[in-house]
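One structure is given here, and the rest of the page talks about it.
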Amino acid sequence: MYPDLKGKVVAITGAASGLGKAMAIRFGKEQAKVVINYYSNKQDPNEVKEEVIKAGGEAVVVQGDVTKEEDVKNIVQTAIKEFGTLDIMINNAGLENPVPSHEMPLKDWDKVIGTNLTGAFLGSREAIKYFVENDIKGNVINMSSVHEVIPWPLFVHYAASKGGIKLMTETLALEYAPKGIRVNNIGPGAINTPINAEKFADPKQKADVESMIPMGYIGEPEEIAAVAAWLASKEASYVTGITLFADGGMTQYPSFQAGRG
């Protein structure tokens, strides 16, 4: 636990499930005040809100599409209206779907790039604007992926979005470091989230994925949430412009593990 996170205001996009939900609950345990953004009426953000409160934090929910400027502005304004400020912005909302690149409709490309990359830009922009205008040494955390460095056939839109997030984060970190604003990425590997549930329910597919992870197991959302809490805390006060991979070693060329090559 990080005592300096107590009372901090954190907004998390895509927080109704998966990594976003785990991060919301972790910040609840840190006794932070959490703005839970969700996209679809099919999701139940109030369940997450209750878990955050039960964990020791405060929480509000706000619906919004991160590809829309006004919705993203409203997420930041909700934090300010409900809790008086914003300290930490976590741009977590993301999409993926497999399509052969030569068959990919432009609408699929636009949807993934819009959510993953443009959404992260809008969240970063609105948070940083507030930080600058109010002289706040705030914190932006973007959710990238191992696929900012590992090519991923059938997911060219996803890989491109994460590669874009990498350079966007590094650029923002360099631009706003003089103002004490930190901007970092988290790069998860294979994580046991709802988006992966069907794949990991198949023993063969699960084993195939595990074979690419030197540590030998698929990560849990709480392990990513722990990384987010550290990056947001004073313990990481000298850290900006990085991608912190939490991937069980997936980015470390696992095929060389047995001394091959």
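Here the Cβ of each residue, glycine as well, is placed from N, Cα and C on the backbone.
For reference, Swiss-Prot has these:
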- 11-35: NADP(+) binding site (BINDING)
- Ser145: substrate binding site (BINDING)
- Tyr158: active site, proton acceptor (ACT_SITE)
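Mapped onto this structure are the features recorded in Swiss-Prot.
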residue: Ala11; record: NADP(+) binding site; DSSP class: strand
residue: Leu19; record: NADP(+) binding site; DSSP class: helix
residue: Phe27; record: NADP(+) binding site; DSSP class: helix
residue: Val35; record: NADP(+) binding site; DSSP class: strand
residue: Ser145; record: substrate binding site; DSSP class: coil
residue: Tyr158; record: active site, proton acceptor; DSSP class: helix
*CA-CA, which of the binding-site residues Ala11, Ala15, Phe27, Gln31, Val35 lies nearest the residue listed as 'active site, proton acceptor'?*
Ala15
*By a simple count, how many Cβ atoms lie within 10 Å of the Cβ of Ala11 (NADP(+) binding site), its own Cβ left out?*
29
_Counting across all protein chains present, how many other Cβ atoms fall within 10 Å of the Cβ of Phe27 (NADP(+) binding site)?_
30
*What is the separation, in Å, between the Cα atoms of Ala11 (NADP(+) binding site) and the residue listed as 'substrate binding site'?*
20
